[in-house]
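Take a look at the structure below.
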């Protein structure tokens, strides 16, 4: 009997060994091409024992490298000889609950079970969507000989669980939108206007007969030259005057360009004069930058009928009171956009974007792509289709360069283990107490955001926060929300902390009227200090107990779910483009199967969370500095970058922008790190976040072209002008603060701030209103910056934090952030309102 039992055990081992060889490739099966694919995977994935054959072949060909992550032991398996076999994983949907699982949670079920040791590190460079947002993987077939894998985007689509009907409705609606903007873009040419160089002579009149009859009564005239802004009109008494006239001729001649004076029967002025300010002294025009001024004239329906019937032609009448010739570049636009209609279309497009994002119908990056393309299609339908160079000019390349450079540096810096080390150090300083630790984290983030761009701060602090939460066994999502809120609050303090503040402080008119770094920071310090206190109490009320900051599931179950999503993310990043990619991809999916069996066992048998507290020494041993040489190189690079960020406010010392500084820092770190596998670094750049920003920039510029931003500003100005004189300052402060806050929560705050700066300056320059400039500037700064906390896409830092969190395996939705951020934003604006009214209306601090 012993011999028989021993023989059975030997036979089982041989079968298990045979199956193991079938599942994980041998080193001689690994090609150089598949090694290239393996090198692009995150370090934590590369080090897993299931990919040991790739590492062995890499070391044989290239020698051992200094990979900071040690091989982890897989001995924690449940000991089942069939632990390496394929399994069948079923995913429930709303229409199929026969297996007893909860359709809302989408939990995985499997026919066989096994345990595995989860690797918390495996989530550092990847993404998981938790219980509700994970991949759906289905594998069928006996013994895994045949299998089918179905994966959905890791960004999470809860709507896919609502059934096929919803899916069909969604696809149909998106196809209709696609047909709409595709039809407009196919049927309309890019708008190309031909400019003409001309000069308005001193003491004489310059005229120009329009070469074609406009299709409507509206005519656009663009002048480019050495002009002043509207805000500077009270600095000069010299103007260029432009108006439109109708010329009635003796005959209905179609040759409009050769009308002689004797052919003119009558001249009629059909529009008021448009006055364009020019410098007081003619020699100043030689030293000024050229700007383009636009104006739309409406000649009326009756006059347009006369022109259409050939009874008259349109002539542009230009003159100036300058004691010199005024050179201009003249452009005639026969089809200027109707901004009254454009505002309605812009509002519909913006509403559609938020419907897609709030209800998570599609991924937010794809939603921004759809909305921006639809906005361009609307412009095309209104005969205003922009050219490709113009579209590219709408993208804020500086911001994308800043993000790209910092992402490269953070990707390399994370390999040193510094983020893990800092998390353990914070744990040590606060003695493991949750709220003191969160408070220190948020205050440090706010202070750092005051002197660095808050996007840079978030890129550096998000990995530390995530590792800190993993050490503390906390859910990183609420802590990240608190951190990014404090980042936006802290960025409001100084002129360099947030992009709206940069726009405000860099305006020449504002800077000439006494708003410098010191005065800006002084006036912002009091309200920001109060806002930080009130924000703390609001967050404490939102997260009343420690359980609100923890996962709803036991830690071991959560870790396995996390790791399943991590490995699925890695597998989803590879396609079936080649056999080499297939080899790596199949190996990753088999690891997913093993983890899924372990998860099934936990769910079936029940998991009792471990209730002991990890000692500080264990944490220090678990998370040391893994690569000290690379850390020193990274520190040198960060010193360079942060120093030049500080010097950005002193252009006389260094002339590099933030984007160039970040890019040069990334290049420097790549040189010092001497990385051969740069593909793995590039792969960790959050391209979806960069694409989201690019699409959002185009969308906001398109909405500005449609007139939405201008409409918001104009309505604000009209309300201020409609109130009595003694109440105008209070009303102006309230409107600028609240309009900029709510608008920047839902619209990108960069174009909004650009428009609101013009309104604030215009109100201050209006002598009839007699409003001081500085209170309006403080109201705009507080509203535009604090309003960014309102929604997930209200500020650049919010989007960056969400993108980095997804890369690390944690995701928060638009609604989740809205429930936390919007009440905080409203509370912050209320505090700012009380302060501004008290300081500048009651006590007139200005």
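Just so it is clear, glycine is given a Cβ too, placed from its N, Cα and C backbone atoms.
Per TrEMBL, the feature compositional bias 'Basic and acidic residues' maps to 55-65.
Annotation comment: TrEMBL describes 66-80 as compositional bias 'Acidic residues'.
For 90-108, the entry in TrEMBL reads compositional bias 'Polar residues'.
According to TrEMBL, the feature domain 'Citrate transporter-like' maps to 354-783.
The region 'Disordered' annotation in TrEMBL covers 49-145.
Within the chain, the transmembrane segment (165-186) has long-range Cβ neighbours (under 8 A, six or more residues past its boundaries) at 159, 352, 361-362, 370, 373-374, 376-378, 380-381, 385. The feature transmembrane segment is assigned by TrEMBL to 165-186 (among others).
Feature annotation from TrEMBL assigns transmembrane segment to 342-359 (among others).
Below 8 angstroms of C-beta separation, residues 174, 177, 180-185, 187-188, 335, 337-338, 341-342, 345-346, 349-350, 352-353, 356-357, 391, 691-692, 695-696, 698-699, 702-703, 705-706 of the same chain, each at least six residues beyond the ends of the transmembrane segment (366-382), sit close to that stretch. Residues or ranges marked as transmembrane segment by TrEMBL: 366-382 (among others).
Under the heading transmembrane segment, TrEMBL lists 402-427 (among others). If you look at the transmembrane segment (402-427), the same-chain residues 6 or more away from its ends with a CB under 8 A from one of its CBs are 43, 68, 124-125, 437, 440-441, 453, 455-456, 459-460, 463-464, 466-468, 470-472, 616, 619-620, 623-628, 630-631, 634, 637-638, 641, 658-659, 661-666, 669-670, 673, 675, 681-682, 684-686, 689-690, 693, 800, 804.
According to TrEMBL, the feature transmembrane segment maps to 434-452 (among others).
Beyond the transmembrane segment (517-537), the same-chain residues lying 6 or more positions past its ends with a Cβ under 8 Å from any Cβ of the stretch are 439, 442-443, 446, 485-486, 489-490, 492-495, 501, 505, 649, 774, 778, 781-782, 786, 824, 827-828, 831-832, 835-836, 839, 845. Feature annotation from TrEMBL assigns transmembrane segment to 517-537 (among others).
According to TrEMBL, the transmembrane segment annotation covers 630-650 (among others). Sequence-distant contacts of the transmembrane segment (630-650), counting only residues of its own chain at least 6 positions beyond either end whose CB sits under 8 Å from a CB of the stretch, comprise 405, 409, 412-413, 415-418, 451-453, 456, 495-496, 517, 656-658, 661-662, 665, 668-669, 672-673.
Counting same-chain residues at least six beyond the ends of the transmembrane segment (656-673), those with a Cβ under 8 angstroms from any Cβ of the stretch are 397-406, 408-409, 412, 453, 456, 630, 633-634, 636-638, 640-641, 644-645, 648, 681. As annotated by TrEMBL, transmembrane segment applies to 656-673 (among others).
Residues or ranges marked as transmembrane segment in TrEMBL: 685-709 (among others).
For the transmembrane segment (729-747), the list of distant contacts is 350, 354, 500, 700, 703, 708-709, 712, 716, 719-720, 723, 753, 756, 759-760, 763, 771-772, 775-776, 779-780, 782-791, 794-795, 822, 825, 829, 832-833, 836-837, 840-841: same-chain residues at least six beyond its ends, Cβ to Cβ under 8 Å. The transmembrane segment annotation in TrEMBL covers 729-747 (among others).
Feature annotation from TrEMBL assigns transmembrane segment to 820-843 (among others). Long-range contacts of the transmembrane segment (820-843) within the same chain, counting only residues at least 6 positions beyond its ends with a Cβ under 8 Å from a Cβ of the stretch, are 478, 481-482, 485, 489, 526-527, 530-531, 534-535, 538-539, 542, 729-730, 733-734, 737-738, 741, 745, 772, 774-775, 778-779, 782-783, 786-792, 794, 798.
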Average the pLDDT scores across the domain 'Citrate transporter-like' (354-783) and report the rounded value. 87
